[in-house]
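J.: What follows is a single structure, and I will ask about it in a moment.
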Amino acid sequence: MLSFDSNRYHIESSISQAENFSVMPLCLVNQSLFSLPTEEPSIECEKEPGSLLWIFVMVGNIVRGMGETPIMPLGISYLEDFAKAENSPFYLGCLHTATVIGPFLGFLLASFCAELFVDLGSVDAEDITITVTDARWVGAWWLGILICASLNLLAGIPFWFLPKSLVKEGEINEPEEMSEKSVAPLQENDKNEAKQTMYEIAKDFTPFLKDLFRNPVYMLFICITVLQFSAFNGMISFMPKYLEQQFGKSASDAIFLIGVYNLPVICVGYFFGGLFMKKFKINIYQAANIAFWVSLLEYLLYFAAYWTVCDTSPVAGLTVSYEGIEQVSYAENTLLAGCNRDCDCPLKIWDPICGNNGITYVSPCLAGCKASRGTGKSVVFENCTCVAASAFSAQNVSAILGQCDGEENCDKMLHYFLILSLVCSFIFSLAAMPGYMVLIRSLKPEEKSFGVGIHGLASRVFAGIPSPIYFGALIDTTCLKWGTMTCGGEGACRMYDIVTYRWLYLGLPAILRGVSYIPSALILLILKKKLKSESQILLNAPVEMQDKNQEALK
């Protein structure tokens, strides 16, 4: 983070990073020698200017989006226009397979960066008093941006060497002598065609847009994409947080597991989906049927995720009482109990410790700890009255830094969840290529580039941008304990009510995807009706016209 000219990350902790000794807040009853840290920010702190580095990130994403936008619409249109009809699904499958390899490598890189502390190179590892599984841990996010930016620059170099035009698949190259004679006329025609194309694009923009809006299959497909992509984008954005909260994994492990379990099988699904379309020469109605039923099978299987659950981690005052009785509380005053009421503890600090009774306490002070020994991560808090209150024995009531580890059964549930995610990702990716061919084949040849571009725009504007916002807003309503920023403001959520979190995280995508099957069914009805009418025309057409019409149906 210091590489971006920003201040060091301040860890919300009871342990001094500079001197490695236990400091306030401890429970010091009737001792005025020490002053507890105030929860109100100082005047100097309030005047501290905020960072403007987010502007650079925003501008960088805008520029990246401008560079990426032409590649998919124009590339897909080219493949569809210049490849054989039976080969284009396979080529598109290969293209989409390649687009998944990048995120897979990105997840591995993100996992590596998340395991490194954000102030890499400027903070001694011995001074860090938290671990990667702690909710306060921030990884070296900026390192991944630098590496990916460098790779993007290198990846752009081959585009300068692409030929201006390619021979359509299946056509034979002209003899060399004929080609040399026609070079000059062709170059002149290319210039005139370029001028005409720009003029036609400017003139025909509105008619093209009207034609797309009047295309029922295309518009319904956009509705499906917005709903499905909203569900997918929301799930993938918060899946690392879900694995952290539900199964107790670190951010680094969560990102790594998502990349390894999900993305390789998506590549395989895209490839075999395109290969299946090529081998059996599937028409648009058959493709829509395959996409619908395969996707519906994955959707029904998805509900099994509700059974891959772990017990709520016991945190005194949040998920259990100080006596160890289960109760979920969103109120701040439940952090206080008879064992710590005289300690005058600050309630906004999040510095969890694990008592030897298996219960996590929000801070050493709220655990009633009156002494400590050791330094850094090895600090042990002793004479903890709240630990004694729920322990079977009042002897040796101590606590160590960090939250208590989850139950062993939780690792088994995590494996079940990841295997289920793997199977669902594979089945859904099998339906992706037939579904995408419905979009491509529903457009006229002259509309393909524009139609694919509008489709991509709609999916990003109506799904890619808003879905993480409302997913995040709903998930934030399940927060049990908010962190505190340096100047006293509300920070990131430190702990969630994982039961409500699970219902929202899995339920909202289920609703969005369930609604998407309504326009999917309408597309099937429209294509079936269209296929019947075209089949009737074939029966009434002369024999010599039937071969051409049959090819058009494909």
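Using N, Cα and C of the backbone, Cβ positions are placed for all residues, glycine too.
Keep in mind the model is a prediction, meaning the values are calculated, not measured.
When I checked TrEMBL for this same protein, it listed these features:
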{"type": "DOMAIN", "residues": "333-388", "note": "domain 'Kazal-like'"}
{"type": "TRANSMEM", "residues": "90-118", "note": "transmembrane segment"}
{"type": "TRANSMEM", "residues": "138-162", "note": "transmembrane segment"}
{"type": "TRANSMEM", "residues": "217-239", "note": "transmembrane segment"}
{"type": "TRANSMEM", "residues": "254-276", "note": "transmembrane segment"}
{"type": "TRANSMEM", "residues": "288-309", "note": "transmembrane segment"}
{"type": "TRANSMEM", "residues": "416-440", "note": "transmembrane segment"}
{"type": "TRANSMEM", "residues": "452-475", "note": "transmembrane segment"}
{"type": "TRANSMEM", "residues": "503-527", "note": "transmembrane segment"}
J.: Under 8 Å, at least 3 Cβ pairs, sequence separation 6 or more: does that hold for the transmembrane segment (217-239) versus the transmembrane segment (503-527)?
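T.: Between the transmembrane segment (503-527) and the transmembrane segment (217-239), which are separate recorded stretches, there is contact, as judged by 3 or more close Cβ pairs.
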J.: Checking distant contacts: for the transmembrane segment (503-527), what same-chain residues at least six beyond its ends satisfy Cβ-Cβ under 8 A?
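T.: Counting only partners 6 or more residues beyond its ends, the transmembrane segment (503-527) has Cβ contacts under 8 Å with 216-217, 220-221, 223-224, 227-228, 230-232, 234-235, 238, 242, 284-285, 288-289, 291-292, 295-296, 299, 302-303, 305-306, 438, 471, 474-475, 477-478.
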J.: Taking 90-118, 138-162, 254-276, 416-440, 452-475 as candidates, which has the most Cβ pairs under 8 Å with the transmembrane segment (288-309)?
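T.: The listed stretch sharing the most Cβ pairs with the transmembrane segment (288-309) is 416-440.
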J.: Suppose I define contact as three or more CB-CB distances under 8 A, residues 6 or more apart in sequence; do the transmembrane segment (138-162) and the transmembrane segment (254-276) meet it?
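T.: No, the transmembrane segment (138-162) and the transmembrane segment (254-276) are not in contact.
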J.: Over the domain 'Kazal-like' (333-388), what is the model's mean pLDDT?
T.: 84
J.: Counting only residues 6+ away from its ends, which parts of the chain sit with a Cβ under 8 Å from the transmembrane segment (416-440)?
T.: 76, 80, 88-89, 92-93, 96, 217-218, 221, 224, 247, 257, 261-263, 265-270, 272-274, 276-277, 282, 284, 286-288, 290-292, 294-295, 297-298, 301-302, 304-305, 308, 448, 451-452, 455, 523, 527
J.: Excluding the flanking five residues on each side, which residues at least 6 beyond the ends of the transmembrane segment (452-475) place their CB within less than 8 Å of a CB in that stretch?
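T.: Here the qualifying positions are 69, 72-73, 76-77, 209, 212, 218, 221-222, 225-227, 229-231, 233-234, 237-238, 241, 439-440, 443, 496, 501, 504-505, 508.
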